[in-house]
Amino acid sequence: MRTLWIMAVLLVGVEGHLMQFETLIMKVAGRSGVWYYGSYGCFCGAGGQGRPQDASDRCCFVHDCCYGKVNGCDPKKDFYTYSEENGAIVCGGDDPCKKEICECDKDAAICFRDNKDTYDNKYWFFPAKNCQEESEPC
């Protein structure tokens with residue numbers, strides 16, 4: 001029951017473009033980003049510190065770094081445009097900043113897909129106390 005409540009809170013907290021990120025993860029990786037990566041390892045979900053625990057957690061670390069390089073728009077709230085061409089996600093639109101957000105999300109979704117086999121349930125709702133090591137630079 002506690003897990004369902006936490007997932008409901010995570011879903012309510014998803015704003016603007018973060019729902020687009022969820023959609024991209026579903027399209028590319030074939031699984032729910034909120035469910036699988038909403039609170040995984042040291043970097044998936046809110047915040048992020050320490051060292052990535054596995055390749056899936058590293059996808060989130062790289063995604064956080066990518067968002068950190070975006071200037072001129074809000075990666076968590078602004079909407080972007082994309083299309084699907086021959087099964088591939090193609091980021092579009094006239095706004096280079098929003099296109100950057102899309103590229104960050106697309107790369108993370110591909111990373112999740114390519115690292116599904118590294119996903120380990122022991123990192124789901126991983127305690128923050130286990131993420132105290134110094135973070136590596138982006």
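For all residues, glycine too, the Cβ spot is worked out from N, Cα and C.
Just so it is clear, the model here is predicted, and its values are computed rather than measured.
Feature annotation from Swiss-Prot assigns signal peptide to 1-16; the stated evidence is experimental evidence.
Applying an 8 A CB threshold to same-chain residues 6+ apart, the list for C131 (disulfide bond) reads G41, C42, Q49, G50, R51. Look at Swiss-Prot and you will find C42-C131 (among others) tagged as disulfide bond, backed by similarity to another entry.
Counting only residues at least six positions away in the same chain, the Cβ atoms of A128 sit under 8 Å from the Cβ of G47 (Ca(2+) binding site). The DSSP secondary structure for G47 (Ca(2+) binding site) is coil. As annotated by Swiss-Prot, Ca(2+) binding site applies to F43, G45, G47, D64.
The number of other Cβ atoms within 10 Å of the Cβ belonging to C60 (disulfide bond), over all protein chains shown, comes to 23. According to Swiss-Prot, the feature disulfide bond maps to C44-C60 (among others), an assignment based on similarity to another entry.
Annotation source Swiss-Prot lists disulfide bond at C59-C111 (among others), citing similarity to another entry. Of all the Cβ atoms in the protein chains shown, 18 others lie within 10 Å of the Cβ of C111 (disulfide bond).
Per Swiss-Prot, the feature active site maps to H63 (among others); the stated evidence is similarity to another entry. The number of other Cβ atoms within 10 Å of the Cβ belonging to H63 (active site), over all protein chains shown, comes to 23. Secondary structure from DSSP puts H63 (active site) in a helix.
The disulfide bond annotation in Swiss-Prot covers C65-C138 (among others). Residues within less than 8 Å, Cβ to Cβ, of C138 (disulfide bond) and separated from it by at least 6 positions along the same chain comprise D64, C65, G68, K69.
DSSP assigns C104 (disulfide bond) to a helical segment in the three-state reduction. Long-range C-beta contacts of C104 (disulfide bond), restricted to its own chain and to partners at least six residues apart, with a cutoff below 8 Å, comprise H63, C66, Y67, V70, P75. What Swiss-Prot lists as disulfide bond is C66-C104 (among others).
Per Swiss-Prot, the feature disulfide bond maps to C73-C97 (among others); the stated evidence is similarity to another entry. Residues within less than 8 Å, Cβ to Cβ, of C73 (disulfide bond) and separated from it by at least 6 positions along the same chain comprise D95, C97, K98, I101. Secondary structure from DSSP puts C73 (disulfide bond) in coil.
Taken from Swiss-Prot, the feature disulfide bond covers C91-C102 (among others), and the record attributes it to similarity to another entry. With a 10 A radius on its CB, C102 (disulfide bond) counts 26 other CB atoms from all the protein chains.
Its Cβ taken as reference, D105 (active site) is surrounded by 28 other Cβ atoms within 10 Å in the chains shown. If you look up Swiss-Prot, you'll see D105 (among others) marked as active site.
Apart from F43, G45, G47, D64, the residues listed for Ca(2+), the same chain places the Cβ atoms of C42, C44, A46, G48, Q49, C60, F61 within 8 Å of the centroid of those Cβ atoms. Annotated pair F43 (Ca(2+) binding site) and C59 (disulfide bond), C-alpha to C-alpha distance, rounded: 9 Å.
Residue pair D105 (active site) / C111 (disulfide bond) shows a Cα separation of 10 Å.
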